[in-house]
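Engineer: Below is a structure I'd like to ask you about.
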Amino acid sequence: IMVQLVGPLRKELADSLSSCRVLVVGAGGIGCELLKNLVLTGFKNIEVIDLDTIDVSNLNRQFLFQKNHVGKSKAQVAKESVLRFCPSANITAYHDSVMNPDYNVEFFRNFQLVMNALDNRAARNHVNRMCLAADIPLIESGTAGYLGQVTVIKKGMTECYECQPKPTQKTFPGCTIRNTPSEPIHCIVWAKYLFNQLFGEEDADQEVSPDTADPEAAWNPEETAARASASDQDGDIKRVSTKDWARSTGYDPVKLFNKLFKDDIMYLLTMDKLWKKRKAPVPLDWAEVHQLGRSQDDMCGAGLKDQQVLSVGGYSQLFQRSVETLRAQLKEKGDSAELVWDKDDPPAMDFVTAAANLRMHIFSMNMKSRFDVKSMAGNIIPAIATTNAVIAGLIVLEALKILNSDFQQCRTIFLNKQPNPRKKLLVPCALDRPNPNCYVCASKPEVTVKLCVHKTIVQTLQDKILKEKFGMVAPDVQIEDGKGTILISSEEGETEANNGKFLSDFGIRNGSRLQVCVCLEELPRDVEFEVVGDAPEKAPPPSVPEEEKSITNGNKDSAQPSTSTKAEAEDDDILIVDSDEEPSSSTTDVSMETGSLKRKLQDAETGETASKRKRLDQQPAAEDDDDDDDIIALD
């Protein structure tokens, strides 16, 4: 579907298109369509960023890519392909994560407009916050099967991306599912893929083995391309599908268990770049787990059977029983038979429950009951090329309104699967005003503190700035690096080793952001730093009791920051570090976002309790130039 504009653009608008700089974040399904639309509309200065590499499964809908591009950078190949539509366009491609600290607030201020074409919530949250801090309009978009949505976000005028709770995400990057799951839903999706690979219809989009071409494991584009190329060459190794291998073993539950939960995990551990800032997975061995299962009860808690959480031994036995049952069903159906996963089919549900929970345990997440797994295991939503095309066209139309200074005409537009009562598939709605309780886009989001990150230690940040100056009691601080690593914990002794280290030792730099959960009390003003901006002269006393602390450690149920909007929440603050000089590796721009009080925040994305993130065990070496002054701003 091509969205065509009727008639030529006004000269003033056409000139604006050719001169303005726009940023496209994502070069996948929507991104390919969007880049094509932009150059054909007249946009000349475009920058596109995407961390991902091209996979065979992308070729059915991401039309800028061909078979010979598999393994290469999506951003770079998209640039080359789009230039064929308009050779005069000036396009810059970044094969990188938009959450890299290099792409800070100053980077975003280089653009008149940012357009999101992303497939994960963490990156959407990050771009939303960067655009708010830079005061740059953002066009957010997304698709789910035949459904789609486009909306415009403008600081102080509309809701931001995080103003309202979001439903559970139902589509996820393949490398997250295969290599680095951080939420239970990732493991449940993996288990459903595994069911299809073993017993159902095989799908290239549903591979479950470790992704050797994971872009995060190979940041060098040439290295990534070489790995992908090598993966297509058999050499002396005969490659077989997961189903063929399982058949060759006679669907032996023990061999399947050790392959999936031991051998594949040990292979993942060899991709050491993945585990520099994550808690590494722990392989399971059938003999050890089976022996452990004999020495402990299968059940971990009372209640209805479906609501009980089994032990690791219990889930390993459930895995064995379900594989044996499904193997018998296949045998009854005959050669080349396939099973269809149905959440109401007990053996299929048992298999997914067992496999998902074993993987959760391996990746240090709290395991789930059968009831919870069943409720989360909804149908997997396919990617539809025509939906992406329609949404990409709508993004450009909203962009034209913004550049034409006609912001009042901007709309949130929903693409429905079926016509509404007025026989419309596209339904425009007026943009909503900002949520006054949103901790991300509060009306006064920043307070600035001037300090030197090479001389300020974590203890000073905690005691002198957060507690004394801003009256925060027992703050919990995590670095927004995409992994949720803990810098300061309110739980005694958990991050005590960090106290004497400098902020620069943790890689905190210009553009970094910290999230803080706090309550307030009155404490004296410190004299060791200079506050620039509106800082609270007197902090109010605490009015809400401290909530119970979580006891989790490492990656747990949720890897993303909570967007809780509890009515009982305390004042929200954000800490941003900036520099008087040009941004560099020795200057710091840190933002601290404070959610509602303490831990156990209800995660608006998953409906689960936000939990402790992985603490920093390894820190980058401190950078040089100790005399650089940095600015911290709290909003």
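Numbering starts at 1 and runs along the chain as it is shown here.
Glycine is treated like the rest: Cβ placed from N, Cα and C.
Owing to the predicted nature of the structure, the values given are computational and were not obtained by experimental measurement.
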Engineer: Using TrEMBL as the reference, determine which range in 204-237, 306-339 is annotated region 'Disordered'.
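Structural biologist: It is 204-237 that TrEMBL describes as region 'Disordered'.
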Engineer: Could you tell me which of these recorded sites, Lys166, Lys192, Lys259, Lys417, has the greatest number of Cβ atoms within 10 Å of its own Cβ?
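Structural biologist: Per the Cβ count within 10 Å, the most buried is Lys192.
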Engineer: Which one of the binding-site residues (Gly26, Gly29) has its C-beta surrounded by the most other C-beta atoms within 10 angstroms?
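Structural biologist: Per the Cβ count, the most surrounded site is Gly26.
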Engineer: What other residues of the same chain, not counting Cys160, Cys163, Cys438, Cys441, have a CB atom within 8 A of the CB centroid of the Zn(2+) site?
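Structural biologist: Those within range, site residues removed, are Leu132, Glu159, Tyr161, Glu162, Pro434, Asn435, Val440, Ala442.
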Engineer: Give me the Cα-Cα distance between Gly26 (ATP binding site) and Cys175 (active site, glycyl thioester intermediate), rounded to a whole Å.
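Structural biologist: Here the two Cα atoms lie 15 Å apart.
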Engineer: How many neighbouring Cβ atoms, not counting its own, are there within 10 Å of the Cβ of Cys438 (Zn(2+) binding site)?
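Structural biologist: Around Cys438 (Zn(2+) binding site), other Cβ atoms within 10 Å: 18.
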Engineer: Hey, how far is Cys438 (Zn(2+) binding site) from Asp119 (ATP binding site), Cα to Cα, in Å?
Structural biologist: 23
Engineer: Using DSSP, how many residues in the domain 'Ubiquitin/SUMO-activating enzyme ubiquitin-like' (452-516) fall into helix, strand and coil?
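Structural biologist: Helix/strand/coil tally for the domain 'Ubiquitin/SUMO-activating enzyme ubiquitin-like' (452-516): 19 helix, 18 strand, 28 coil.
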Engineer: Per 10 Å Cβ neighbour count, which of the binding-site residues Asp50, Asp119 ranks highest?
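Structural biologist: Output for this query is Asp50.
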